[in-house]
Amino acid sequence: MSAPSLRARAAGLGLLLCAVLGRAGRSDSGGRGELGQPSGVAAERPCPTTCRCLGDLLDCSRKRLARLPEPLPSWVARLDLSHNRLSFIKASSMSHLQSLREVKLNNNELETIPNLGPVSANITLLSLAGNRIVEILPEHLKEFQSLETLDLSSNNISELQTAFPALQLKYLYLNSNRVTSMEPGYFDNLANTLLVLKLNRNRISAIPPKMFKLPQLQHLELNRNKIKNVDGLTFQGLGALKSLKMQRNGVTKLMDGAFWGLSNMEILQLDHNNLTEITKGWLYGLLMLQELHLSQNAINRISPDAWEFCQKLSELDLTFNHLSRLDDSSFLGLSLLNTLHIGNNRVSYIADCAFRGLSSLKTLDLKNNEISWTIEDMNGAFSGLDKLRRLILQGNRIRSITKKAFTGLDALEHLDLSDNAIMSLQGNAFSQMKKLQQLHLNTSSLLCDCQLKWLPQWVAENNFQSFVNASCAHPQLLKGRSIFAVSPDGFVCDDFPKPQITVQPETQSAIKGSNLSFICSAASSSDSPMTFAWKKDNELLHDAEMENYAHLRAQGGEVMEYTTILRLREVEFASEGKYQCVISNHFGSSYSVKAKLTVNMLPSFTKTPMDLTIRAGAMARLECAAVGHPAPQIAWQKDGGTDFPAARERRMHVMPEDDVFFIVDVKIEDIGVYSCTAQNSAGSISANATLTVLETPSFLRPLLDRTVTKGETAVLQCIAGGSPPPKLNWTKDDSPLVVTERHFFAAGNQLLIIVDSDVSDAGKYTCEMSNTLGTERGNVRLSVIPTPTCDSPQMTAPSLDDDGWATVGVVIIAVVCCVVGTSLVWVVIIYHTRRRNEDCSITNTDETNLPADIPSYLSSQGTLADRQDGYVSSESGSHHQFVTSSGAGFFLPQHDSSGTCHIDNSSEADVEAATDLFLCPFLGSTGPMYLKGNVYGSDPFETYHTGCSPDPRTVLMDHYEPSYIKKKECYPCSHPSEESCERSFSNISWPSHVRKLLNTSYSHNEGPGMKNLCLNKSSLDFSANPEPASVASSNSFMGTFGKALRRPHLDAYSSFGQPSDCQPRAFYLKAHSSPDLDSGSEEDGKERTDFQEENHICTFKQTLENYRTPNFQSYDLDT
């Protein structure tokens, strides 16, 4: 029974005794009527001879009465007829007792509740305990309208069925009956008044739902019944209950919410039951609980959040249970706890922070447990108990006390270490407990060496001799002597009988399923038997596989070294923890450091990313998950790197708690191989998934109608986009296109080229593109106009119409020249150029081989890539060709086995630019213009007729040729005669039809738009010995497929007039770039070095100054 309840009961008994004595005093002051002495009061209040009168109490108990004594005095207010043999009460015998209030009929032979007649209405207390009453009938009680206390204990009542009548009852005692069942609603009529209900010592095995609808009830006792399970909401309706006692019921299970509704309950006693666990489920709703008594149960576990709903708890009794460990969450939330009793358990493990939250704790009882290591090895096990006053560690098998064992107990006043065979205490182990008033210590096992010298003096200084009974066990000379009887000089260190750790176990990592060992060694000078133990996470390993060895440290020595090996086989994740060896003998125990074991497992995929094909604009979802130990980290890569287009555009999402990788609004550039990598300390694995994006066909360039003159080449564009790349098909006038030898297709049918167009070619051309996602169609209208008649004078400036006719001529001449003479011309030029510059060129190398095989017009954005140049291996493999890009990609001329040059269908795309009047910046008459390293058309002489090159080529250029990048200069010289120039050209073995073309071209040099110019002869060299070489395709100055023109920078303020004589002009040719037509302007006025005249040959300079229009600026073109 708790102290508060005892105090309350004692106070009640004291008040009752005072009242009785007061009434007795008043009775005695008026005379002793029961003794027959004369008195006025006694004469008025006669007392039966068989009874005793004490105030208003008539005590007729223990008289073995079979019937009531008559007559009963009318003044009686309290009548005690207990312990008699009454079996029947006449109502008439009490009818005159108008003052009667209390009747006690305990321990009689009544079988029913007696009828007391008219006085029943005045009775407030009726005690019928210890009778033979078998049932409670409402009609027997309905007359007791003033009844407040009814005691029916120790009767034969077995059922509570018929509801109680509506009485003013406050206290109802039904203890020690035979009640086995209760009818719900049995006490409902007492709901407004009943305060205390006791049903102890019955045979109740279950409490029906809604049994207690007693909102005023404050105390309910159900001790010593047979209640095994308590269901949820069992006590609903007892909102005012202050205490509930269910001791000795054999309760094994408390369901969640078992005490819900008892929000005002302060005391819960569940002692002597069979509970095994404390959980927050059955404590739910006990918000005001202050005392919880759970002693004498079988509790072995406290759940981490058990105290969530009862944080006002001030006293907790867990004595005599089966607790073996106190975790850091065992008492979490009990900041108001004042007293904690955990004595007589099996506690052998206390976490470092087990008591950290008990900031208000004043009494901690841990007696009779097994927590020796807490004091011996742990540092600050009681830290956080700032207000602790009383600590009981009696009977815990403590053998040694370290210096920091009681760290944090600054306010401790009472420390009980009795019944512990303590062998050693480190110096100043109690020094920080400044307020200590009592230290209880009794041991006869002390190792009285130099380390114990401080203890007797400290005990004497603090006047603890009356509480300390300590004697020595070693050395043999001091055995059995009290420490207070040993002089300070008697505490010496001649040996070390207590084991000392010499080899500490080491921290290790292991792969799951492998075997490993921990090794620990200690030395001792004693021959006392050694015991070895291993702990994991401060808990003893009972079934550990150990190997123990002993050997002398040195020959002839007296020091023994002991080694223990802990073997762990097929380690699992549960094997992880901190391992510690404990080596002990009769003189104490030594604890090693704690070695940590980490168990790793290689990652393995539980979810592997799968190849995904998805439409553009949709959301891509890639899953990847892996398991391992430690948990692996998941990382993603795209195409072997971390450059995600979706990440740059913030379209990529990776959920940290999820296994999914998202890309929203998928685009073509998201196509690639995505790699998922799972990595931990044991290793890494990866898995790949290919993302394919599908896009419906679309036109990357608008379809433009074309108008050409009869005989010209017509180029129709249909630049297609989509994924997978769409297939193209051309139709004419909604009918299949009849393909003739004049029809050519290029770039995957994206270009339709019609050579020598005829009026019959005019019409509506439909481009149909299709892939797996759909089909798209577009129309292009081709108009062919008849050949106009134009008589333009030779010496007049050409108009835009003249230039159109010139374009037609260029196309015709380009085709003829390419088929007949191009191969021979370039072979001759390249061969002699290489021989001329072989000595001054830089060393060739074959190590540079840049790819030039990606057509830029196929980019997914639908725009052309930047100009790309590169080198490709020549056919012979000994040299490289310099290759410049055109709008349609990189092009090389194709030769058949006879050396004949064929038209490259891909390069026909540039024909369009050549035939577009607004894309040709070079107007006026032209002449042959050659410079080594410059860029020219596919036919060396097309420029003569057109003023611009449809498909430029690099002339006489070796790879990395110095002359390509060096400064070219122009020198004044005497004008050679027409014959000398003609003779210079005639030295070359031209085909007859080419020679005719050259002669015709040369005759134009007399026009007003031409000036003779002499160049360094090294710039051009013709030889009759051809050498097989490849000629690289280069970029045009004109844009293709809408690409920006690569025009030279023009001088907006260039002069209209040019000097008639040749002024020195210099310009630079940069690698992989077009010639800068005005670059020489920056070098005007500087000196040049003249070459000898014999090194000069004849060339021409084109001027456009006489034909400047508002749309085209005039400038000089040096080539």
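Glycine is treated like the rest: Cβ placed from N, Cα and C.
Here CYS581 is paired by Swiss-Prot through a disulfide bond, and of CYS493, CYS520 its partner is CYS520. Listed in Swiss-Prot as the disulfide partner of CYS676, from the options CYS624, CYS718, is CYS624. Of all the glycosylation sites listed here (ASN122, ASN442, ASN515, ASN688, ASN729), it is ASN515 whose C-beta has the fewest other C-beta atoms within 10 angstroms. Beyond its flanks by at least six residues, the repeat 'LRR 12' (336-357) meets 295, 311-328, 330, 363-371, 373-374, 378, 380-385, 392, 537-540 of its own chain at Cβ-Cβ distances under 8 Å. For the repeat 'LRR 11' (312-333), the DSSP-based tally of helix, strand and coil residues reads 0 helix, 5 strand, 17 coil. Outside the repeat 'LRR 15' (411-432), and at least 6 residues removed from its termini, the chain residues within Cβ reach (under 8 Å) are 367, 372, 386-403, 405, 438-447, 451-452, 454-455, 458, 470, 473, 498, 587-588. Per-residue pLDDT, averaged along the repeat 'LRR 2' (99-120), amounts to 93 for this model. Less than 8 angstroms from the CB of CYS624 (disulfide bond) sit PHE605, LYS607, THR608, PRO609, ILE634, TRP636, ASP659, PHE661, CYS676, ALA678, ALA687, each of them six or more residues away in the same chain. Residue density at CYS676 (disulfide bond): 24 other Cβ atoms are found within 10 A of its Cβ, drawing on all protein chains shown. Annotated pair ASN274 (N-linked glycosylation site) and ASN156 (N-linked glycosylation site), C-alpha to C-alpha distance, rounded: 28 Å. For ASN469 (N-linked glycosylation site), the spatially nearest entry among the disulfide-bonded residues CYS520, CYS581, CYS718 is CYS581, judged by CA separation.
Residue pair ASN729 (N-linked glycosylation site) / ASN156 (N-linked glycosylation site) shows a Cα separation of 108 Å.
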